[in-house]
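Enquirer: Dumping the structure here so I can ask a few things about it.
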Amino acid sequence: MKQQTETEKKVVLLGMSLEELTTVALRMGMPRFAGKQLAEWIYVRRATDFAEMTNISQANRQKLAEIYDLGRYPWSDVQCSVDGTKKYLFPVGEGRFVESVLIPEGDRATLCISSQVGCKMDCLFCMTGKQGWNGNLSAAEILNQIFSVDEAAELTNLVYMGMGEPLDNTDEVLRSIEALTEPWGMGWSPKRITVSTIGAKGLERFLAESRCHLAVSLHSPFPEERRKLMPGEKAFPIMQTLDRIRAYDFSGQRRVSFEYIVFDGLNDDMRHADELAAILRGIPCRINLIRFHKIPAVSLRSSDTARMEAFRKRMESHGYTCTIRASRGEDIFAACGMLSTSKAESSEEKSS
């Protein structure tokens, strides 16, 4: 943590746009094209030290290192599940941490990344919300998760489904997506990236300013019931969210999906399935049914496979594509709703 405290005094280059990097170069007395050189070293070659930038003069590298930091730092812990899932712990400032989850599946390697330390939304079924909100991540801190996992070169997909509500940190999430998808950055196709939301205030900006896929955490088609599960329903009503989505043209390659955790005796009957089908009418979408993963001090239980399968078939009878998502990483608390860094932050406080 000492090293990170020292580098916090410097301006971080990771997360900057080509225009911003060009401004940095010009302020340093470097030629305009040096902005592109910096972008290539940061986003394509993924440099961790200015000394690696061999097509920039040694004098300029030294000047850059005095004022700027590349924003790269390693993970501090990793856990491995019996199913191959890996959970990484990243420090993001003094005494703060976030978790990222690598999910390998055949020839795919998906990284689930965090956008906030904790979360304001306080969903009943989510451990991240239970720890409260301790700040937004910068674009650099978001991107560092992607660059610094052991499998960085093998990643095929990214999902902003880790800790936090991505569209409660819209500015930095969009900055990170820009660096990921623009030709001067990593040049990823937006089709490889999915951003999850409960329907927060940044939704319209996300739809307008990016081309990435959208996943909406829904969990109940009845607003009052949803509000009990997800207090954010009060500020961000699902019906308003659906109206915004319905007004957007999803007929191209961009996709929208709805996440639905299925709770035993709560939202798993045919009445819920029929109402879910009704409120989603007019939206070309996929519904992902998710098992509830038991977390401390919460009495909710997951529906069994038979009821989930009945729910899935009912949705298909209404004309929807509906799947049951396989649970991954439950044994290391890496599955949906199980991410939390409260213990890591508590341990850091005791040791300091």
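Even glycines carry a Cβ here, placed using N, Cα and C.
Since the structure is predicted, the reported quantities are computational estimates derived from the model, not experimental observations.
Dumping what Swiss-Prot says about this protein:
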| type | residues | note |
| --- | --- | --- |
| ACT_SITE | E99 | active site, proton acceptor |
| ACT_SITE | C336 | active site, S-methylcysteine intermediate |
| BINDING | C119, C123, C126 | [4Fe-4S] cluster binding site |
| BINDING | G164, E165, S196, S217, L218, H219, H293 | S-adenosyl-L-methionine binding site |
| DISULFID | C112-C336 | disulfide bond |
| DOMAIN | 105-325 | domain 'Radical SAM core' |
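For the listed features, I'd like the structural context: burial, neighbours, distances.
Expert: The C-beta environment of E99 (active site, proton acceptor), restricted to residues of the same chain at least 6 apart in sequence and closer than 8 Å, consists of K87, Y88, L89, F90, S114, G162, M163, A334, L339, S340, T341.
Note on C336 (active site, S-methylcysteine intermediate): other Cβ atoms within 10 Å of its Cβ, all shown chains, come to 23.
A coil conformation is recorded for C126 ([4Fe-4S] cluster binding site) in the three-state DSSP classification, outside any helix or strand.
Around the Cβ of L218 (S-adenosyl-L-methionine binding site), a 10 Å sphere holds 25 further Cβ atoms from the protein chains shown.
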Enquirer: Using the centroid of the Cβ atoms of C119, C123, C126 as reference, list every other same-chain residue with Cβ within 8 Å of it (recorded [4Fe-4S] cluster site), in sequence order.
Expert: M121, D122, F125, M127, T128, G129, K130, E165, M230, G337
Enquirer: Can you tell which of the recorded positions C119, C123, C336 lies nearest to H293 (S-adenosyl-L-methionine binding site) in space, using Cα positions?
Expert: C336
Enquirer: Run through C112, E165, S217, C336 for me and report the recorded positions whose CA is within 10 Å of the CA of C126 ([4Fe-4S] cluster binding site), in sequence order.
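Expert: Those near C126 ([4Fe-4S] cluster binding site) - Cα within 10 Å - are C336, in sequence order.
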Enquirer: Just counting, how many other CB atoms are there within 10 A of the CB of S217 (S-adenosyl-L-methionine binding site)?
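Expert: That number is 26.
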